[in-house]
Amino acid sequence: MTQLGNTETYAVKLAWKNTVFTADPEIVKEMLTTDHANYIKGKSLTDALQSVLGQGVFNTNGDLWRFHRSMSRPFFTREKLRAMMPVFTNHADRALDKWLSSSGGPTDVQDLASKFTLDAATEFLFGSCVHSLEEDLPTPWNVPSQVPTEKPGMTPPSPASAAAESLLPTNTRNVTNTGTRAFPTAFTSALQTLAARLRSGALWPLLEITKDSTRRDVNVIRDFVRSIVQRALERREERERAATGDATTPTTATASEDTGTTLLDHLVTVSDDTDLIQDELINILIAGRDTTASCITFALYLLTQHPSVLSKLSAEVHGVLGESHNNEEPDLDTLRQMPYLRAIINETLRLFPSVPMNVRDSVAERVITSSDGTRYYLPAGTGITYSQLHIHRSAKYWGPTASEFSPERFIAGGDGRYEAYYARTPFVFMPFNAGPRSCLGQQLAYAEVGVFLCRLVQRLRAKQGVGREHISLDQEAIPPACRVPSSWVEPEEKRVVEAGGLPLHVEEKAGAGAGSGSLPPYTSSGVSPRRRIEKVWPKSHLTMFVDGGVWVRV
């Protein structure tokens, strides 16, 4: 591996392919904005994802990608987002009911967050959720599993959710139906298979030479989604015939037609291609569940480690929404009045970006310019992996406190770090990618995470009292094989601790690695500072997650 100049960019030949790894924001900026058309998702990547993502927005390039993006963009407006806020609140309340009504033992909030985001995403995509929150939560490895006789504290489905059940065909309306229960499991299993393919690189087709490992899961997913799409298309045709008074000849929907409240309602007004709509829904469902669940998971983990941040968040939320136990529900306007909440979300995404790295292929030869002004030649077909995780954690771009969790760095007019780092070079923070392929749903993600955290601190204050809000990480509930490696733990005599208890960075030689797929990775200084203070083992497949779960007590 060859370092290109004095930059965080390296070149290597992998399986006869020119490959570049970079954590240089100037190079990434050129790839994603000024010359984005030259840097596409390469065939090796799209082939690996094809069986699940199909020809959706995340797995296409050029004109087809532009068509998919233009087809979905009108749904992601502020007006649509405003209509989704009660959906987020309802499912957040159901998730918190599930968590806070438990017996007092630890809860895997990673599993809880995945169920919450899947239910919310399927409701705003399809009009009715898959009710994964009605499934039992996992128990810790050291606690015997028990089958509950009842499910206390569950909030009944919202009227909107109940009414939207008509979107589903008869055989998918009931949560106890086998197909509906199978969907979340198949969805998760399919994504795990895709992650395994990406880890295997060019070898994955050989490992699946006799069968497609996603086939069984994909059949469940596509059968479920296809039946919903077909019913929506039938309803559209019925509306068109009723509007024209023609019982035999449907008319074509116009752009001015009411697009309904769900993405599916919108998509059936712009296309009647079942496969195209199905691919788009599955692609956006992946983004709507996994990336948002990752952010919530790591936010909760960080709040267990920083009680003063949780206290400040609670004060802000109650200052805006009121102090009574019958708290006002957050909406878009009140969320805008909570800069510290947004700063917590941003700081979580800085340290633990939901998608920690991404890849592109260069279509034509190029000369790229690094942050130090040096120019480098890239042959056509070069693969480029760029790491948001490395950029987000680099002291070069974020200063000496880069490894610390400090939401204040995102507060303008605060301690000066916002102006010194982020405001000066915005491409040092890219949790939603950047340029024309930036995430369409980023404001939706901010709103969904914001609602969940608001409702949590409201419930904590009601349960624990003013100024006593706290949650704690139960490390004993983490399976032994999934705990942080001993090589990560810094000897006590080498630890320098602030008054607030946060270990500072101490330079030393790098310790042993933690194994394939583990995060945070090796940094350019030879040390990964957060390893010394991390209490969970972050890893990455398609998105970041915690091996063994994040077990939290209230």
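Note: Cβ is positioned from N, Cα and C throughout, glycine not excepted.
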137-164, 305-332 - the one TrEMBL records as region 'Disordered': 137-164
Number of Cβ atoms other than its own within 10 Å, given for Cys439 (heme binding site): 18
In three-state DSSP terms, the structure that Cys439 (heme binding site) belongs to: coil
